[in-house]
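The domain 'Amino acid transporter transmembrane' annotation in TrEMBL covers 1-374. If you look up TrEMBL, you'll see 20-42, 75-94, 114-131, 143-165, 177-197, 209-232, 252-280, 292-311, 317-338, 358-378 marked as transmembrane segment.
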Amino acid sequence: QGIFVLGLPYALLHSGYSGLFLIILAAVLCCYTGKILIACLYEENEDGQLIRVRDTYEDIANACCKKLSPKLGGVFVNVIQVMELIMTCILYLVVSGNLLSHSFPYVPVTEKTWSVIAFVTLLPCVFIKTLKIVSKLSQLCSLAHLIIILVVMTYCLTQIHQWSWAKFRLSIEFEDFLVSVGVIIFSYTSQIFLPTLEGNMKNPGEFRCMLNWTHFFACVLKTTFALTAFLTWGEETKEVITDNLPSFLQTLVNLCLLTKALLSYPLPFFAATEIVYACISKGNHSNYRSPLFALGVRGSFLLLTLLMAMFVPHFALLMGLTGSVTGAAMTFLLPSLFHLKLKWKNISFLEKCADVSVLILGFFCSLAGIICSIKGLLEVFG
């Protein structure tokens, strides 16, 4: 459950009843593309047993593009992955600075200075070497998120006497609907982390079951949360639902959001640095495989996220543009394309139809997101 969840009530404001259907559909599609992506890691041996012959998203891409170039697919996927992960890290820094400035409005410090203070707390990330440490931090992140959800939903339930289904829209505007689609779909995305996650599981055979249950519970929570919040505030629903809360609750929730943002940072940061370090250290030169060099890579990335958070103007719009390209590609386009390429002879006609449908849907989602983001950038730059 990412920070995107807090924008779901606003998405319902612009998508009406279709938004509820989209939350369920996005869960089904993201769960499906997660499964077919992991299926691409495996091949059958002579005895008909599935053997894991690939380890990463990069390996899958290389297997698909080996006739064109042995490493072309891997380079393309790695660039997209690193772009999305780094942009995510920068977003967490920007959000942290914003939350700190709103939590302590009487402190004479600019938002950028608060971002630097948040950055200092993230310096220990350069020493993270394993996914186990990241998973422990993610558990704490989940706890902070749970507190936020409980606070918002408890307040909403106290206002149940004001609820009315008449607040839902029947007619929707196309551009507003596209924004809602983006928020809903990208609140589920996790495909970048799945190959690493499945490879680190004690029992990888339980992966499909785990994916089914996590997406089911995510769907239930998102639907319940978005519905209760929207029924409470209706047309007054703000982009981030915590802004609708009374002031005495806002400070508590903002601090929980800050904790969540800071604890969310290590996962995309770890994934990005591991990809870059793996690419650089593939050569035989021993200096590229030294612990000191790995520390240098992590430190450089940490500094890069701070500099971009401080100096890139209109970051939200650029994030939307990048997310439309990389998010849709990594979530819909590439998993279905790779599955069709690698498993064409082994999958049924229905599976082929499903892959092609997801591919087309992903293309249109990406195209619509790009058009909306570019339009927003053109308006800002006059």
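The chain as shown is numbered from 1 upward.
Backbone N, Cα and C define each Cβ position, glycine as well.
Most Cβ pairs under 8 Å with the transmembrane segment (20-42) belong to 177-197, among the candidate stretches 114-131, 177-197, 209-232. Here the transmembrane segment (177-197) does not touch the transmembrane segment (292-311). Their Cβ atoms form fewer than 3 pairs under 8 Å, with each pair 6 or more residues apart.
Against the transmembrane segment (75-94), stretch 252-280 shows more Cβ pairs under 8 Å than any other of 114-131, 143-165, 209-232, 252-280, 292-311. Same-chain residues lying 6 or more positions outside the transmembrane segment (209-232) and placing a CB less than 8 Å from one of its CB atoms are 1, 5, 8-9, 11-13, 19-20, 23-24, 27-28, 30-31, 34-35, 149, 152-153, 155-157, 159, 162-165, 167-168, 187-188, 201, 241, 244. For the transmembrane segment (252-280), the list of distant contacts is 2-3, 6, 56, 58, 78, 81-82, 85-86, 88-89, 92-93, 95-96, 99-100, 102-103, 118, 121-122, 125, 128, 131, 133-134, 137-138, 140-141, 144-145, 147-148, 151-152, 192-193, 196, 242, 245, 288, 293-294, 297-298, 301-302, 305: same-chain residues at least six beyond its ends, Cβ to Cβ under 8 Å. Tertiary proximity for the transmembrane segment (114-131) is limited to same-chain residues at least six positions away from its ends with a CB under 8 Å from its CB atoms, namely 93-94, 96-98, 100-101, 196, 200, 258, 261-262, 265-266, 269-270, 294-295, 298-299, 302, 305-306, 309-310.
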